[in-house]
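Trainee: Here it is, the structure in full.
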Amino acid sequence: MTEPGEQLTDIPPKSMDREEERNEPYMEAYFDNSATTRVLEPVRDIVVKIMTEDYGNPSAKHKKGMEAERYIKEAAEIIAGTLKVAPKEIVFTSGGSESNNMALIETAMANKRAGNHIISTGIEHASVYNPLAFLEEQGFLVTYLPVDAQGHIRLDELEAAIRPETILVSIMYVNNEIGAVEPIEAISKVIKKKNPSILFHVDAIQAYGKFVIRPKRQGIDLLSVSAHKIHGPKGVGFLYIDQRVKIRPLIYGGGQQRGMRSGTENVPGIAGMGVAANMMYTDHGEKMRSMITLKDYMIDRLSEIDGVTVNSLPGDLSAPQIVSASFLGIRSEVLLHALEDKEIYVSSGSACSSNHPAVSGTLKGIGVKPELLDSTLRFSFGVYNTKEEVDYCIDVLKELLPVLRRYQRG
Amino acid sequence: MQYQSFLIKYAEIGVKGKNRYLFEDALVTQIRHSLKRVDGDFIVSKESGRIYVNAESEYDFDEVIEALKCIFGIAAICPMIQVEDNGYEDLKKQVQSYVDEFYEDKNFTFKVNARRGNKKYPVNSEQINRDLGELILHAFPETKVDVHKPDVMLHVEVRNKINIYSHVIPGPGGMPVGTNGKAMLLLSGGIDSPVAGYMIAKRGVKIDAVYFHAPPYTSERAKQKVVDLAKLVSKYSGPIRLHIVNFTDIQLYIYDKCPHEELTIIMRRYMMRIAERLSEESGAMALITGESIGQVASQTMQSLAATDAATTMPVFRPVIGFDKQEIVDVSEKIGTYETSVLPFEDCCTIFVAKHPVTKPSLKMIERSEEKLEEKIDELVETAISTVEKVWC
């Protein structure tokens, strides 16, 4: 029999971390930038400075308050400048999801006397889908447009879907799973030609920082953006709202941001986002050209490998940062973990939906073969990625794939 | 007014003859250990066949009760007030103020149950019952006496001090962990195995656990989930030493050499063998699994027999006769369900065949295992020597 009191002498030591021996050379390759990015150093610096030194409440009447307010004003000006819109058309939010929620729910509610019909697509992110599902519960009708093999909606189908009761169209700029770019300007033309008062919302969470976006010229009424996809901080984003749009606030309270979004502003986050936006749009063309070069290089190298299908288009036919590829006979999660072991970080489908093992709507939508749906990974780049990392990743894949293919279920 | 003391009642350990003190000491140890995680200072003492918990500082009542309700061996927790013996008149006053303080609504039936531990006390129990009954009826006219089924059973124990209590909160029962040896739980991350561990711990058995990790087929999150489950079970069982075995190479080797329909059975037999080896080292005297007859192909009678034959140790399967829903009910009660159902794959399902054998014969399985002779011992040794141990 165990002696009583053994419990006490048997108390665990604090840590028992295993020391891992690594003999082989490896490098870290973070290819999950569409999930989130590492912040740029100047972003970190301004966030720390505001948190520790300039921490006033922008609504405070004293000097520290004014100082904080100035950061927000500056960030609004920078961001408005990147879009060529007015600073007062920028509402800061807690991120992409809040921007999408506000854009959809609050324009629908504010315009419901004009009609109850909304048009979107079958490849949207959950933060668009779920607010739309909520609106359907509230009595709105939503048409979801299908996409072709490249992930693009068809303009004639859009045109046919527009009804007299249509009040809102919401279409993503860049698809987060395969990087397909929707023809935003052409879409807007179709909508506005049929009925100029229909609002056009664009989820630009994967597009901002990668594309030159001109809402006024492209006919975009609302545009959602998140900071942490462009090397900014998490927990902050913005919604561009054209000043003519009728919309209500999503969050009520102390009336900050002209009453459109109450709550003490996330000053460090907002300023950090301003810095990130500024840096992304400095030497922008050059930055994007090198990202596209990297993408094309990755697509070429992936094509060397047997049983790999690339689902993203090369060059400027799709977003510069996303390469989706399917690996025949291998479950994406297994490959993901095998890559993780080599310090290569990717996602299966979209990280946001990966908690639910539901099969991707986008991949199904573009007609990926059923046996490849659960075998698809997304590699997504940021400004820190290099060609060497791509080479390393390809070497690792060439080594792993034959081994993993040998062992299959069933 | 807040209770400052708790009387801990225990059931089965009261009848263990000369070993009784061992069981009581183990229970005191468990209570002390458990209260360390609760805010406040407590003194746990053993006194003439009673265990008391006294709060020496501010504390949160619900938090203490929650902690005590997880300790096996406790039959009931009685929050009580303890007063000095300052004479019979003072006792009456104390009882009256107790009733007044703790029962806002006086519309209840009651019975006084006095016990005189101190036989020198000038008034006998019968008399105390009568006097206190009368006192309460008089002081609170809404109350009524009911000697058969009272709403409130008011206990007054006259010892060196006087204990007054009337709330009896049921404990989990069972026996104090550490009084019945140690066993090795095969923890998979599903619903059943944490319940099995809980049930055996309830009988006073200390738990070690083993998890078979198969990277890259199972993820770091699946491993974290098992660590989390072990932590949840440890609320009841005390600290669990979790052995994490890297099982990938063994699984792939079996996959290469043996018929795929037999994969799960052969794999489970190696799990038993490895668990047995780890038990030798950790002092566990039995294995625990969450198997239930017929639940899946590897849990038919034939499969269980084939699995059993891989080890000479006793294998405890406490949920063997439970329906799934009954297991789910326990897991919800003990708080492991939500974690168990997180969707991460465990190593039993990654290579599962479309039609696994349901009636394996031991001979057939042993013949298949002969094909592993060349490398399997070495792989098992490697798995054992690289095991990662985590305290949960």
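Placement of Cβ uses the backbone N, Cα and C atoms for every residue, glycine included.
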Trainee: Among B:Gly173, B:Gly174, B:Gly290, which residue does TrEMBL name as a further ATP binder in the site formed by B:Leu186, B:Leu187, B:Tyr211, B:Phe212, B:Arg268, B:Gln299?
Mentor: B:Gly290
Trainee: My understanding is the cutoff is Cβ-Cβ under 8 Å with a sequence separation of 6 or more in the same chain; which residues meet that for B:Gly290 (ATP binding site)?
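Mentor: Spatial neighbours, sequence-distant, of B:Gly290 (ATP binding site): B:Leu186, B:Ser188, B:Gly190, B:Ile191, B:Asp192, B:Ser193, B:Pro194, B:Val195, B:Ala196, B:Gly197, B:Arg317, B:Val319, B:Ile327.
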Trainee: At 10 angstroms around each C-beta, which of the binding-site residues B:Leu186, B:Leu187 has the fewest other C-beta atoms nearby?
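Mentor: Candidates: the binding-site residues B:Leu186, B:Leu187. Fewest Cβ atoms within 10 Å: B:Leu186.
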Trainee: Would you identify the secondary structure of B:Gly290 (ATP binding site) according to DSSP, in three states?
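Mentor: In the DSSP reduction, B:Gly290 (ATP binding site) maps to coil.
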Trainee: Quick one: average pLDDT across the domain 'THUMP' (B:62-169), no decimals.
Mentor: 94
Trainee: Count the Cβ atoms, other than its own, that fall within 10 Å of the Cβ of B:Tyr211 (ATP binding site), considering every protein chain shown.
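Mentor: Neighbour count, Cβ to Cβ under the 10 Å cut-off: 28.
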Trainee: So how many of the residues in the domain 'THUMP' (B:62-169) end up helix, strand or coil by DSSP?
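Mentor: Across the domain 'THUMP' (B:62-169), DSSP assigns the residues as follows: 37 helix, 34 strand, 37 coil.
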Trainee: Over all shown protein chains, what is the count of other CB atoms within 10 A of the CB belonging to B:Phe212 (ATP binding site)?
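Mentor: 28, counting other Cβ atoms within 10 Å of B:Phe212 (ATP binding site).
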